[in-house]
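> Can you keep this structure in mind? I'll have questions shortly.
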Amino acid sequence: MALSRGTFYFGLALFFIVVELPSGSWAGLEYSQSFPGGEFAVCETCRLGRGKCRRTCLDSEKIAGKCKLNFFCCRERI
């Protein structure tokens, strides 16, 4: 009986270890953003959270600077 109980506890521990492993993602890092303005924010407007880094700005926005990787820092027009 001791062998089956030990096997049960081993299987239970193995189950909890497997459940805690991330499921193909980088443990939620794909949703984290480095700066409040966007994922690749480097210009001051985006760094302060007043703009968003996008490939193309919307019609209601203007370009306020450049971010990394061909992204523009877009800010609402006043």
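Don't overthink the numbers, they just go from 1 along the chain as shown.
Glycine residues also receive a Cβ, built from the backbone N, Cα and C atoms like all the rest.
So Swiss-Prot has the following annotated:
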DISULFID  C46-C73  disulfide bond
DISULFID  C53-C67  disulfide bond
DISULFID  C57-C74  disulfide bond
SIGNAL    1-27  signal peptide
> Look up C46 (disulfide bond) in the DSSP assignment and reduce it to helix, strand or coil.
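Going by the DSSP assignment, C46 (disulfide bond) falls within a helical segment, counted as helix.
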> Show which residues of the chain containing C74 (disulfide bond), separated from it by at least 6 in sequence, have their CB under 8 Å from its CB.
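Listed in sequence order: G51, K52, C53, R54, C57, L58, E61, K62, I63, A64.
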> Measuring Cα to Cα, how many angstrom lie between C46 (disulfide bond) and C67 (disulfide bond)?
8
> If I take the alpha carbons of C73 (disulfide bond) and C67 (disulfide bond), what is the distance between them in whole Å?
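The Cα atom of C73 (disulfide bond) is 6 Å away from the Cα atom of C67 (disulfide bond).
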> Which three-state DSSP class does C74 (disulfide bond) fall into?
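DSSP assigns C74 (disulfide bond) to strand.
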